[in-house]
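Data block below; observations after.
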Amino acid sequence: MNRYVDITVHPLSSSVQEERYLLSCRGHYYEASAPVAELVEELRKHPDEEEAIAAYVGRTAGKYTAAQIRQVIDTYLAPLFEAQEKKRVFLYEKELFGAATIDKFSDRFRFLFHRACMTVVALTAVVLNVYFFLTTEDVLLFNNKVDVYTVAGLFVFMLASSFFHELGHASACKYFGVRHGGVGFGLYLNFPVLYTDVTEVWRLKRSQRCIVNLAGVYFQSYGLIAMIVLFLLTGNDILRYLILMMNFGFVMTLNPFFKFDGYWIASDLLGVPNLRTRSMELLGYGYKRLRRRPVTKTPYLLQIRPLERYGLLLYAIVVNLFMASYFFYIIPRFLYRFVQTFPDQIHELILYLSNNITPPFTLLRNIGAQLLFVGLLGYLCWKAIRPLIKKYAGK
């Protein structure tokens, strides 16, 4: 049996000057050059590898020797058939709803991605949101007199909104004719998130991939519109807080520095797959040039078109500065303030409880958020040092 029929070849929409292709094999995707893609096509057509190699040598008019082609097959193509673990983006991940379950919803909601519908909803959400922030007095204040039911309701709202966000990604996949996976829970760095497996979007055009990545925020915009309208009619304080929470969620998810939706949008706008890796390549390239060391690999930056090249250069500089500030300034500063203020907050909480007074919501929110952040940060550190412990403990 010809094992190469398991590999499918698709054009890859990117900003690289030379044409690139996408190889799909057993649920994994790989970027390939045009010569490699042509070689795969020959291997798919011929049941015998030697026949395929001879045909490819003839097709390229002797540009490559049979030995060179054999080396490419053994080095790059043969490993595709070996058992490979799926590359993990999250420190922890667990599928909550399978693809078949999500498929029932995505099939019904895909009509929402018609251009006219998206345009009207997006413009309405932007206009109402701007009006909300410009006209609402004390927009950042919140009534502390809330009970446990209100807190539980806020938590349920966050979960429901996040789930609807993921349905947006799945529905966009269905609209563009590619399969989606299930919806799960994961930990990215020290952030708890829901995620949808949309790996097959790499088969789409860059503009279509952007829509899939924006689809979560687009779906949540329906809820945002409804809440703003209700708030303008009622002035309800809880609705105001929910609107603020949703906008904060938009800012987080559209952040291009963490691997949330904004990162993938930036990747598609620039036409650069593996954007984080490509930005790190520049650091290594610059270091070698400064030290006058030999450069064995041309960085991706020098392979793409001029406009995207400047965009990638700017992104590489900003994202590396941001990540450095996050790990070496924001987190240490948080831990310092946590040690300084958390004992006082606990003392204040005990005073409220000992006097049979309901603690302010702001106090409970701050304590809960800080404990969650510290807990997830501890888990991140444990996952980072655990391989080292296993390595040296086994010696």
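Cβ atoms are placed via backbone N, Cα and C, with glycine included.
The transmembrane segment feature in TrEMBL is assigned to 112-134 (among others).
Sequence annotations record features per position, and here TrEMBL assigns transmembrane segment to 146-164 (among others). Sequence-distant neighbours of the transmembrane segment (146-164) (same chain, 6+ residues past either end, Cβ-Cβ under 8 Å): 183, 193-194, 219-220, 223, 238, 241-242, 245-246, 249, 358, 361, 364.
What TrEMBL lists as transmembrane segment is 211-232 (among others). Remote same-chain partners of the transmembrane segment (211-232), defined as residues 6 or more beyond its termini with a Cβ less than 8 Å from a stretch Cβ, comprise 109, 112-113, 118, 121-122, 124-125, 128-129, 131-132, 136, 161, 164-169, 171-173, 176, 198, 201, 204, 239-240, 242-243, 246-247, 249-250, 253-254, 261, 264-265, 268.
Summarising the annotation, TrEMBL assigns transmembrane segment to 238-258 (among others).
The annotation transmembrane segment is assigned in TrEMBL to 312-331 (among others). Long-range Cβ contacts of the transmembrane segment (312-331) within its own chain (Cβ-Cβ under 8 Å, at least 6 residues beyond either end) map to 256-257, 266, 270, 272, 275-276, 278-280, 282-283, 300-301, 304, 377.
Long-range contacts of the transmembrane segment (363-382) within its own chain (CB-CB distance under 8 A, at least 6 residues past either end) are made by residues 91-92, 151, 187, 189-192, 331, 334-335, 338, 342, 345-346, 348-349, 352. The transmembrane segment annotation in TrEMBL covers 363-382 (among others).
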